[in-house]
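Under the heading active site, Swiss-Prot lists CYS343, HIS402, ASP425. According to Swiss-Prot, the Ca(2+) binding site annotation covers ASN465, ASP467, GLU522, GLU527, on the basis of similarity to another entry.
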Amino acid sequence: MYGFGRGNMFRNRSTRYRRRPRYRAENYHSYMLDLLENMNEEFGRNWWGTPESHQPDSGPSSLQVESVELYTRDNAREHNTFMYDLVDGTKPVLILRRGQPFSIAIRFKRNYNPQQDRLKLEIGFGQQPLITKGTLIMLPVSGSDTFTKDKTQWDVRLRQHDGAVITLEIQIPAAVAVGVWKMKIVSQLTSEEQPNVSAVTHECKNKTYILFNPWCKQDSVYMEDEQWRKEYVLSDVGKIFTGSFKQPVGRRWIFGQFTDSVLPACMLILERSGLDYTARSNPIKVVRAISAMVNNIDDEGVLEGRWQEPYDDGVAPWMWTGSSAILEKYLKTRGVPVKYGQCWVFAGVANTVSRALGIPSRTVTNYDSAHDTDDTLTIDKWFDKNGDKIEDATSDSIWNFHVWNDCWMARPDLPTGYGGWQAYDSTPQETSEGVYQTGPASVLAVQRGEIGYMFDSPFVFSEVNADVVHWQEDDSSETGYKKLKIDSYRVGRLLLTKKIGVDDDFGDADAEDITDQYKNKEGTDEERMSVLNAARSSGFNYAFNLPSPEKEDVYFNLLDIEKIKIGQPFHVTVNIENQSSETRRVSAVLSASSIYYTGITGRKIKRENGNFSLQPHQKEVLSIEVTPDEYLEKLVDYAMIKLYAIATVKETQQTWSEEDDFMVEKPNLELEIRGNLQVGTAFVLAISLTNPLKRVLDNCFFTIEAPGVTGAFRVTNRDIQPEEVAVHTVRLIPQKPGPRKIVATFSSRQLIQVVGSKQVEVLD
C-alpha cells in the first residue's frame, strides 16, 4: 500500500489522500470549535490571563482542592522546554516531554490524611479519553515515595506531605501520544463514620502539552549527540538553500518553533489531519500527517501553493521571513489556508512543526531535482525539428532546486539499520509542476536503491537518481523521435543542509554537503548498481539501454556561465570543432529563456541559429550576446536563466544537445545596529540597499522579523533612484535577552528577493 506505484497514487490522489475527521460523533463539530477557542485563548495569554475556576465546596467532610502548583518553569528547565514563549506567558503553560517525570503540588482546604482520603489523578487525552486506548490514565496516590512501575507505564509517587500540601512526581512513559493532556484530581473520604461521602473532582483548567523527547533513550526520536539536538531541535533560526547547483544561495529562515502561536497551531494541524489519538504516539504517523497537512490539498492544511504570478491576493512566497507568521495566521483564521507557499516555504513550516513537537528535523535542498511522473526513473525532454523544447510533451520535469525535510527517528517497521534520517516532503502535488507529499522514507534505503521500503521511497529515489533523456523529432524514426542523449549525472547533483554549529550571515560557509547520504558517488559501480537495482524493482530497466554508438567526429562544447550580477550583460557561446579529415556541415540552435525554479519556461529571451560548413579540423563559434534591456523585463521569480543548445551533423547524423542554467545575482541588504541592545530599551535598525539597476525602483517595501525582538512586520519605502544607496530605519524594542537573529527582505516592482540578516546579542 505504501511505497509502491507512485504513478497510481498521483492519478488517484484526490480520493486516496482525502482526509476527513476520524471522529464522527455528533459533538465533534462542537469539540473542534471548543478546541479552536481554547487555542486562540492560549495564544492570547501573553496579553491577558484567564482566571482559573475552582471546584465549589461540597461539605466539611470532603477533601477540597484549593490550588494546584504546576511548577511550570522548573519543569520546563528539566524537560528542555523553557524556550517556549507559552511557558513565560501571563498564565504559564506546562510543556513537558515524554519519557521523564514532572512535579506538581496540591494545596487542599484541610489537611490530607492518607488513611482516610482516597486520592487519584485522572489524566486524559483527546475528545473521548478511554482507558482501553491508553488515552485515559488513572493514577491512585498512595503513601509510597518511590515509583513502583517500570518506565514504560504511567506512575506517581508522593515526594512530600506537609499538612494540607502534598508534592507529587508523575512519571510519563516514553511512548505516550503527543498533544494536549488534561488532568483531574479526584478525592473521596473513606472513614467508617461517613462511609457514603461522594467523590469530589477538581479539574485543572490549565492544559498540559506533552511532546516527543529526543533526550530520552526510550523515545523513538532519541538523538544521542547534544550538538545535533541543539541544531535540529532547539535552533529556531536556520538557512534554507535555494539558487542553482553552480550558485547555491542560503536564505535565512526563522523557524520560530517556540513562538506562542506555534504549539496551538500544531494541535490544530493534528486535529485537522484526522490522525487517531493513539496514533499520535508514533512519530512515523505524525510526520506523515505533517507532510499532508502543511499543504492545503484535500485537507484544509496550512499553506496554499502557487508557483507563478499573480500573488496579489496573498503574500508572495519570497516575502515570508519565517514560519511563525504563517502558523499564527492559520490559527487566528481557524484553519483557513495561508497564501502562498513554494517548496522551501512548505519545508520551512514543516521543519517548524516537527521541531515544535520535539521531532529532530532539518531542511534538505536537492539541486536539479527530478519529478518523475511515470515511475520510469527517467526524465524525458522533447525537442521539435527546430531545436525548441516542446513544453507540454510530458509532465516530467527537473526543478533547479527542490526543498524537503529529513526527520530523525527509529524505524521499527523496517529491517534493522534503516532508522536515522527519514525524508518527508510537504510540498503538494500539482497537476503540471508540483511534486508529491512524501515520507517518511529511509534515507539509507534511498541511497541503496531499496525502493520497496515504506513510505514512498521510489519517488525520493527518482528525485536524486533519475536519468535525463533528450529526444528530438525525426521523420525517419519509427517512433517519430530520435534519442539525442542520456545524462546519468544531471539529477541530484548536490544536496545541502545547514551545517551543525556554524552560522554565516555573509556567505554560505554554513552549508553542509550531504549528497553522499542520499546517493553513492556519481559514476561509481555502487551508484549505477543502486539505480539498476531500483529500476529492476520498478520494472523499467529497459529504459536504461543505451543507443548504439554512432560516428561522432565533431566536438561541441557549451561554455558554462558561472554567474552575472543583475543589470549586467551576458554572453553565451558554443564552441564547434571538426575533428575529422572530411568536410562536415553542422546545423545548430542556441537559445536563452527565463525559467521558474520548477523548470517551467518563463519567457523566451533570445535565440540564434547557425549553419556551418567546417573544413577538416576547422573551429567555429555560435554565440549570443544578451543585454540587460533584453532580459530584465523577462526574468521571473528567482531570476534563473536556462540555456539550450542542439546541433546535428548532416554527413554522419551525429546529434548533440546540452543545457545549462544560471542565476542572475542580486545584492544583499546590509543591516546596522544603532544604539544599545538591551531588553526593554529601544534601538534603531538601519537597512541599506544599493540599487544595482539603471532604473527607478518603485512599490518598495521591507519585511523584518527577529525572534525575541519583534514579530514579522512590513514597512513601505519611497522610490529608490538608479544606483542609489537607500537607507531605511526602524525603531525596535527587544523583548528577550540572548543571541538574536534579525532577518529582512526587500521587494519592489523591478527587484525582488533581496535578503539580509544579522546576528546580535541582547543584554538583560
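Residue 1 is the first one shown; counting continues down the chain.
Backbone N, Cα and C atoms are what each Cβ position is placed from, and that goes for glycine too.
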By Cα-Cα distance, the member of active-site residues CYS343, HIS402, ASP425 nearest ASN465 (Ca(2+) binding site): HIS402
Closest of CYS343, ASP425, ASP467, GLU522 to HIS402 (active site), Cα positions, recorded positions only: CYS343
Residue pair ASP425 (active site), GLU522 (Ca(2+) binding site) - Cα distance, angstrom, rounded: 24
Fewest Cβ neighbours within 10 Å, where candidates are the recorded positions ASP425, ASP467, GLU522: GLU522
Whole-number Å value for how far CYS343 (active site) lies from GLU522 (Ca(2+) binding site) (Cα to Cα): 26
Integer Å distance between the CA atoms belonging to CYS343 (active site) and ASP467 (Ca(2+) binding site): 22
Other CB atoms, at most 10 A from the CB of HIS402 (active site): 26
All-chain count of other Cβ atoms within 10 Å of CYS343 (active site): 29
Around the Cβ of ASN465 (Ca(2+) binding site), the count of other Cβ atoms that are within 10 Å: 27
